Structure formats: structure tokens, C-alpha cells
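Chemist: Next up is a structure, given as C-alpha cells.
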Amino acid sequence: MDNLVERFLRYVSFETQSNSSVTQCPSTSGQIVLAEQLKNELIELELVDVELDENGYVMARLPSNVEHDVPAIGLIAHMDTAPDASGKDVVPQIVENYQGGDIALGIGDEVLSPIQYPDLRKLLGHNIITTDGTTLLGADNKAGIAEIITAIAHLKANPDIKHGDICIGFTPDEEIGRGANLFNVEKFGAKWAYTIDGGPVGELEFENFNATSADVICHGVNVHPGTAKNKMINSMNIAAQFQLMMPTEETPECTEHYEGFYHLKSMEPSVAKTELGYIIRDFDRKGLEQRKVFMQSKVDELNSSLTKGRVELILTDCYFNMREMVEPHQHIIELAKEAMIACDVKPDIKPIRGGTDGARLSFMGLPCPNIFTGGYNFHGIHEFITIEGMEQAVRVIVKLAEKTSEKYQ
């Protein structure tokens, strides 16, 4: 586990927040800066085929150290952090041997409380890395990067651990849904892969949401308020009417497990035009289609009731549930389970209430389930990770490489 924490702390110091309003890839220059750093580290580890392409994708390969044929496996993590909270000037703090109670985040009023985050009660005695309460931490997904590189370094330093080819990929812009857009599966060279992008220890995921974005555009008419009678149509009022037509019990804060939702994620209001940005999620493809039909029906209903003004709906499919692409390859899941069990980690198979690069890659011909990092509360200032969880992830990655080699002897 040499240098694992040091690597992680180094990577979170890079500002790599992605930006959905930018069309180029990567969407922010900071991701290229981190990519250059990772490329240099992989070269220092004497990996082969190390490459940073013009779109910010980093790839490399640890060659097999066995004579028999073993399918090449891939390990993937993303370099960007979520736009939901600042990732600039991250100041991690390490709480050693956590003994319970609130953890003060920096010098402000923010705390990490076991009342609000009960998972903390399971982590007594652990060493926890938190934020200072002003930014996210970046464990999503820089912990995955640190764990992959540490595992590869361990395999390099211990040639007695047998393994086949291991392909490494670090992607940009995952948090804005574009991480797989320009990923070259053929060049990557793996038969299957794992994203190291999950949460608490034991998570193993090969199901994710089907996802659609829904832009509701409400059109009004702007007139000077002093002469607006019978002329002005305030699009914000139309937008408010639409939001009130949506089911209040089918939102992220009211759903769990396999339940889908509608989520109003953004608003751009003005009198003349208001844009509502929704995301629609459902684990069942048919359920997603029904949700899209429901939203269109509400748009039609609202339009029919308006004497002035109008509403339009733009639906864009983002990604689909990888289960249909991964299930035919059950050995991929079984190998991950065996690796976890061999490391005294109980596999916790659950659906991802979100998406990963692996979801898209699975539909591009690279089956790609998701493995834990040891982190919690991603995308916000209460994000944290345990050092022990990170170490477990490294052990599982190493064991996964070893188990794959053994299986194909």
C-alpha cells in the first residue's frame, strides 16, 4: 500500500471539475494537467503503450508475466470531479482512529455527523479523510485512480503474483455523461473491464439507471411592467405550473433501491423564457419510456390550458442499464466476487442509482461492472473516504488480476 494516501492527496490537489456547457473534450483544462501527471507516473512505472491522446484520455498496459494465454482485463477511473460542488483548492483533513461523534470540517460551522450520515457508526477506529467543509473531496474518482496505480505498482514490485495483461484507462468528463464518448475500445485492448468508481467497501455493481435528460422550455412575452396588463406572459409562472404537475413522491429524496424518479436539476428563469432542466431515471427501459410519455402528456395538458404562452419538451437519452450487456458474461462478476471474498470483503451487489463510464462502455462492446473505492457522500462537501477502504480496494484489484490468471491456466 506504499504511497496510496500520498497519491490520493496529490491527485485531489488538481482542480478537475468538468463543465457541461463546454463542448470540447475535455471540458476543462485542469483535466489535461492531471492527465499529464498520470501519464508521467505510468511511464515512471515502466508500463507499456502509455498514451495521452488529444481528447484527454490516458491509456497504458501492464504486460502479462505468465506464459499461458490470459484475457486482458481493464481498470478504469475518471479524472473529473462533479460540477455540483467546488473542486478548487481542496484541503483534505485526516481524522485518525475515529472514535465517534461529529467531525468538524475545517474551521467553519460544517460538521460530518453520524446522525445525518449513519455509515460513520460502522467506521469506529478507522482513519477517515474528509473535506474542510468548503469543497468536495474528489474521492469520486481520484480514489479510484490512486487505487489502480497503487495496485499496478504493487504488481510490478511483486512479480511472483501472476497476472495477464492489465489495461489502464483514465477518462475525462464522466461526471457530465461524456466519459465514454471518445474512448477507443479497440485501442484499449481489454476483453472486459472494471470501473473503480463505487462507494463503500464491498460494492459490486452491474446494474445502473436508464437515463434521459428532459429540457422543458416555457415561452412567455416580456413587456414593461408599467404597461403589461393583458400583454405580459410571465414564463416563470408557466414553469411553476409545470413543476406542480410533476409527482412529488417520485424525486431523488423520496426514492431508493430500484425506484426511478424525476429530478428538477436546474432552472434558467426570465420573464420571456424559462428553462427547466430535468433528469429522468428508471432501471427498467420500459419504465423510462413511460416516464418520457408522462412528461410529454403534462406538457400537452399545460399547453391546452394556456391561452397565451407555450411549453416545449426536448428529450435526450443519455445511457442505458448495463445489465443487459454484462449478464451474458457472468464470469466477470464471479471473478470480482471471488477476489473480494479472498480479501475478506463481503460482496454487496446492488444497483447503481446513477451511471458510470462502464454503462456506456458495456454498450460499446466492453462489459464493465463497477467496484468500490471506499468512499461516501460523493459530489458534496460532506464527501469522505476511509484509508482502510482504499487499501481494501487495492487488495481486491491485485487479487482480481491474480484470480483471472488462475482461471485461465
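Using the three backbone atoms N, Cα and C, a Cβ is placed for every residue, glycine included.
Bear in mind that the values here come from a model prediction, so they are computed numbers and not experimental data.
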Chemist: Among HIS379, HIS382, which residue shares the Zn(2+) 2 site with ASP140, GLU175 according to Swiss-Prot?
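Modeler: Among the candidates, Swiss-Prot records only HIS379 at this Zn(2+) 2 site.
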Chemist: Which of these, ASP49, ASP53, ASP109, ASP197, does Swiss-Prot list as part of the Zn(2+) 1 site with HIS78, ASP140?
Modeler: ASP197
Chemist: Given the recorded Zn(2+) 1 site (HIS78, ASP140, ASP197), which additional residues of the same chain have their Cβ within 8 Å of the Cβ centre, ordered by sequence?
Modeler: ALA77, ASN141, GLY144, GLU174, GLU175, THR195, ILE196, THR356, ASP357, THR373, PHE378
Chemist: Within 8 Å of the Cβ centre of ASP140, GLU175, HIS379, which other residues of the chain have their Cβ, at the recorded Zn(2+) 2 site?
Modeler: THR81, ALA82, ASP84, LEU136, ASN141, PHE378
Chemist: Check the DSSP secondary structure of HIS78 (Zn(2+) 1 binding site), expressed as helix, strand or coil.
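Modeler: Going by the DSSP assignment, HIS78 (Zn(2+) 1 binding site) falls within a strand, counted as strand.
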Chemist: By a simple count, how many Cβ atoms lie within 10 Å of the Cβ of GLU175 (Zn(2+) 2 binding site), its own Cβ left out?
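Modeler: For GLU175 (Zn(2+) 2 binding site), the 10 Å Cβ neighbour count is 26.
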Chemist: By a simple count, how many Cβ atoms lie within 10 Å of the Cβ of GLU174 (active site, proton acceptor), its own Cβ left out?
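Modeler: So the number of other Cβ atoms within 10 Å of GLU174 (active site, proton acceptor) is 27.
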